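Participant: Okay, these came from Swiss-Prot:
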| type | residues | note |
| --- | --- | --- |
| REGION | 1-229 | region 'Pyrophosphorylase' |
| BINDING | 8-11, Lys22, Gln72, 77-78, Gly139, Glu154, Asn169, Asn227, Arg332, Lys350, Tyr365, Asn376 | UDP-N-acetyl-alpha-D-glucosamine binding site |
| BINDING | Asp102, Asn227 | Mg(2+) binding site |
| REGION | 230-250 | region 'Linker' |
| REGION | 251-459 | region 'N-acetyltransferase' |
| ACT_SITE | His362 | active site, proton acceptor |
| BINDING | Ala379, Asn385, Tyr386, Ser404, Ala422, Arg439 | acetyl-CoA binding site |
Amino acid sequence: MSNYAIILAAGKGTRMKSDLPKVMHKVSGITMLEHVFRSVQAIEPSKIVTVIGHKAELVRDVLGDKSEFVMQTEQLGTGHAVMMAEEELATSKGHTLVIAGDTPLITGESLKNLIGFHVNHKNVATILTADAANPFGYGRIIRNSDDEVTKIVEQKDANDFEQQVKEINTGTYVFDNQSLFEALKDINTNNAQGEYYLTDVIGIFKEAGKKVGAYKLRDFDESLGVNDRVALATAEKVMRHRIARQHMVNGVTVVNPDSAYIDIDVEIGEESVIEPNVTLKGQTKIGKGTLLTNGSYLVDAQVGNDVTITNSMVEESIISDGVTVGPYAHIRPGTSLAKGVHIGNFVEVKGSQIGENTKAGHLTYIGNAEVGCDVNFGAGTITVNYDGQNKFKTEIGSNVFIGSNSTLIAPLEIGDNALTAAGSTITDNVPIDSIAIGRGRQVNKEGYANKKPHHPSQK
């Protein structure tokens with residue numbers, strides 16, 4: 001039989017105190033909704049229906065055509081939300097997973113096990129449960145003397161005995177699809193919240209003598225529902241440890257997982273070393289044998305093998321094998337560093353292509369430039385690429401020596417094997433094999449210094 005999934009993503013998330021819908025808040029680089037969607041793929045659903053409401057278009061844009069969508073205009077409870085999927089699913093035969101879009105830590109493995117348990121036990125409904133050290137706020141799983149599930153009681157409706165129960169409802173279920181939509185016709189709002197509880201269908205099934213079961217998670221963390229910024233930070237911490245552990249299993253050294261911030265889609269090759277306080281975001285990819293030292297921050301960067309990045313920032317750039325960057329360098333979007341390039345301390349490179357074995361050791365700005373191989377930038381070199389309105393390009397050939405404190409005013413071309421004298425302001429193109437000198441001639445005025453206040457004769 002087919003599997004289906006309903007993802008509940010209509011809520012505003014008032015306690016988040018945010019303009020964003022709750023499920024749009026990110027954990028380790030992607031939205032909570034995307035985490036849930038990825039995990040749901042493990043059950044190989046024939047159809048996924050996402051229930052949307054608050055700022056629906058934002059939520060719809062995240063999943064695009066990978067899901068069907070239904071609107072819940074009024075948020076009248078979880079049961080009401082599932083009712084919205086009736087037109088999409090009610091006549092289908094199979095098993096339907098119902099899961100909240102704010103549970104980013106649930107794993108695909110657990111959902112697959114839940115479906116398997118449901119099918120093997122021939123249940124009409126199976127509840128995903130967990131044991132909570134502090135169950136306050138959760139619905140409680142009430143069992144009879146034969147350990148069978150009899151009902152789920154919400155916190156506000158629980159009596160003193162029921163509030164002592166540690167087994168909680170995670171808010172994730174599997175149902176026989178047609179039985180689910182039949183039972184939803186019989187639920188009402190006679191409860192403390194005045195809402196349609198999805199949990200009420202469990203009681204309906206029990207009264208009808210249908211089989212209801214519960215599959216208990218081994219790891220309570222997976223059950224975490226994010227309702228506020230505190231829980232969001234908790235989810236982030238758990239996910240970070242999970243991600244770091246997987247990289248370590250794959251052969252990466254993560255010196256201190258507590259301080260490594262690695263987004264879920266980041267790729268890292270074997271034998272690479274991630275020192276403390278490193279942040280790797282977005283679609284960053286790191287090759288083999290690369291060292292990222294304390295404080296490095298990479299966003300959507302493509303980094304090759306045997307690279308060393310020392311306490312530097314790299315954004316949306318390509319760094320080839322054997323490159324060294326930093327300390328305190330900034331590689332800005334649109335930059336490409338070829339093999340063997342060295343970008344040293346306090347160097348900024350923006351929107352530039354730098355050829356093999358070129359070196360900019362210190363205190364340099366290279367912007368909107370195309371640079372050949374084996375070029376040396378002296379300290380203090382500046383490409384002047386902006387006139388206040390437009391950006392201009394600097395083109396530098398191969399085997400060029402740029403003297404210290406050179407100012408290169410674009411648009412400008414410097415030919416192969418050329419040299420600029422230290423302290424020069426270069427405004428015109430420099431031909432191949434030429435030396436360009438663009439500075440005032442030094443004049444020494446002998447004896448003038450003894451008239452100045454600093455001179456010993458004046459003290």
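From the backbone N, Cα and C atoms, a Cβ is placed for every residue, glycine too.
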Participant: Looking at the binding-site residues Asp102, Asn227, Ala379, Tyr386, Arg439, whose Cα is closest in space to that of Tyr365 (UDP-N-acetyl-alpha-D-glucosamine binding site)?
Facilitator: Ala379
Participant: Want to know which recorded positions, from Asp102, Asn227, His362, Asn385, Ser404, Ala422, are within 10 Å of Lys22 (UDP-N-acetyl-alpha-D-glucosamine binding site) at Cα; which are they?
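Facilitator: Checking each Cα against Lys22 (UDP-N-acetyl-alpha-D-glucosamine binding site), the hits are Asp102, Asn227.
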Participant: Who are the chain neighbours of the region 'Linker' (230-250) in space, where the CB to CB distance is under 8 Å and they lie at least 6 residues beyond its ends?
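Facilitator: Residues 16, 25, 27-28, 32, 35, 104-105, 221, 224, 257-258, 260-264, 266, 268, 270, 274 contact the region 'Linker' (230-250) from elsewhere in the chain.
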Participant: What is the nearest of the recorded positions Gly139, Asn227, Arg332, His362 to Tyr386 (acetyl-CoA binding site), using the Cα of each?
Facilitator: Arg332
Participant: Show which residues of the chain containing Asn169 (UDP-N-acetyl-alpha-D-glucosamine binding site), separated from it by at least 6 in sequence, have their CB under 8 Å from its CB.
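Facilitator: Residues satisfying the criterion: Ile127, Leu128, Thr129, Tyr138, Gly139, Arg140, Ile141, Ile152, Thr199.
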Participant: What is the separation, in Å, between the Cα atoms of Ala379 (acetyl-CoA binding site) and Leu8 (UDP-N-acetyl-alpha-D-glucosamine binding site)?
Facilitator: 57
Participant: List nothing but the largest Cα to Cα distance in Å, as a whole number, among the residues Ala379, Asn385, Tyr386, Ser404, Ala422, Arg439 that the record says bind acetyl-CoA.
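Facilitator: So the maximum pairwise Cα distance among the acetyl-CoA binders is 22 Å.
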Participant: Just give me the nearest neighbour of Asn227 (Mg(2+) binding site) among the recorded positions Arg332, His362, Asn385, Ser404, Cα to Cα.
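Facilitator: Checked the recorded positions Arg332, His362, Asn385, Ser404; minimum Cα distance to Asn227 (Mg(2+) binding site) goes to Arg332.
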Participant: Of all the recorded positions given, namely Leu8, Ala10, Asp102, Arg332, His362, which is spatially nearest to Ser404 (acetyl-CoA binding site) at the Cα level?
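Facilitator: Checked the recorded positions Leu8, Ala10, Asp102, Arg332, His362; minimum Cα distance to Ser404 (acetyl-CoA binding site) goes to His362.
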